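Going by Swiss-Prot, these are the annotated features:
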type: BINDING; residues: 9-16, 56-60, 119-122; note: GTP 1 binding site
type: BINDING; residues: 183-190, 230-234, 295-298; note: GTP 2 binding site
type: DOMAIN; residues: 3-168; note: domain 'EngA-type G 1'
type: DOMAIN; residues: 177-353; note: domain 'EngA-type G 2'
type: DOMAIN; residues: 354-438; note: domain 'KH-like'
Amino acid sequence: MKPIIAIVGRPNVGKSTLFNNLVGDKIAIVDDLPGVTRDRLYRDTEWSGSEFVIVDTGGLEPRNNDFLMAKIKEQAEVAMNEADVILFVVDGKSGLNPLDEEIAYILRKKNKPVILCVNKIDNFFEQQDDVYDFYGLGFEYLVPISGEHKVNLGDMLDIVVDIIGKMDFPEEDEEVLKLAVIGKPNAGKSSLVNKLSGEERTIVSDIAGTTRDAIDTLIEYKDNKYMIIDTAGIRRKSKVEESLEYYSVLRALKAIKRADVCILMLDAKEGLTEQDKRIAGIAAEELKPIIIVMNKWDLVENKNNATMKKIKEELYAELPFLSYAPIEFVSALTGQRTTNLLEIADRIYEEYTKRISTGLLNTILKDAVLMNNPPTRKGRVIKINYATQVSVAPPKFVLFCNYPELIHFSYARYIENKFREAFGFDGSPIMISFENKSSD
């Protein structure tokens, strides 16, 4: 699991500008998935050989003072619990603000490394008096920066790397299948975990997670071990709805990155929501195998097999980027079909780590091309020579051809469908890329 670095601070201190300059050109999503929201709040980045995740807590706009104070407190609390290092951004031009002091008070209550970033300091010698005001907040690390003009960002990142280099990040047990139970508040995640770790299965141990309110539960079922990562304790929606739902997204991200398989919990009574789509999009972008679970199926009235079919069609239409994911209808409360999820997780993880021989792969590719040649583009005839699988988890295939830049995404999707028809890969994302054929 990569360390998480959270940027916090009151509105208009330059958090998002700092975020954008820290991640650089990675802000542009090159290989975007159809239907996945583009406005992500986080990026993987690297500095001096260390990899970590930068999280922006921007997007909090005040409506009134009570609302603003409540949201800032909530933001700082979440950053404390979720992040490994906190970048606390203040505005050096406007000076120390009572809201800065409120955030500082909250951040000091927990033993998390905080780097105080005094922003909008383009010239330290001319603005040093502006910086000195902030030493009274009492943090060990203080760096004057300019997020907009990239002043001192390297020094700030050096401190980040030094801090995380001294941290102990435990190795995950490779023998245990790690299942992330993700979803919005009240979808039944904790109920599912409790049911799976009930009397019929043996709880081996409870391990406190890296956050205050996440619990990893190690269970055994049919001689197999599973580590269930539950994002328990996600805050209920605030009185004022927030479109970005930052808090659920950050916790889901941490769980997804650790997981071998993701279980996306949906509320069958409520149906698919924008927050569900956002969390599903993260799992898809992280290229994890996923099971879509319609929970609270026992509460749906007047249902039959046709109801299931209709809901599946609607879900796949709303989540086209998860067309490969199996959909299960369960009741975490009664236990209906819950153990099916463990067996499905085993099955789709096998698909996720499956390797296809080059000979068999090219037999299927040849048949697919004979059935449907790549369309001629710009007067050029595209010839696909051969394919090979270059990796697993997720399965990645490279197809060599003469004009890879002319391959349309619809033809790549056609090849993916043919590979799925032949080899399965149920529940698993697969990656297909086209490259120039080698000179020999």
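Placed from the backbone N, Cα and C atoms, the Cβ positions cover glycine too.
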N186 (GTP 2 binding site) CB neighbourhood, other CB atoms within 10 A: 15
Between K189 (GTP 2 binding site) and K15 (GTP 1 binding site), the C-alpha gap once rounded to whole angstrom: 32
CB within-chain contacts under 8 A for I121 (GTP 1 binding site), separation at least 6: G92, Q127, D130, V131, P144, I145, S146, V151, N152
Summary of DSSP states over the domain 'KH-like' (354-438), given as helix, strand and coil counts: 32 helix, 22 strand, 31 coil
G9, G183 as binding-site residues, winner by CB count within 10 A: G9
Per DSSP, three-state class assigned to W297 (GTP 2 binding site): helix
Rounded inter-Cα distance in Å - N12 (GTP 1 binding site), W297 (GTP 2 binding site): 44
Cα-Cα distance linking G9 (GTP 1 binding site) and W297 (GTP 2 binding site), given in Å to the nearest integer: 41
PLDDT averaged over every residue in the domain 'KH-like' (354-438): 93
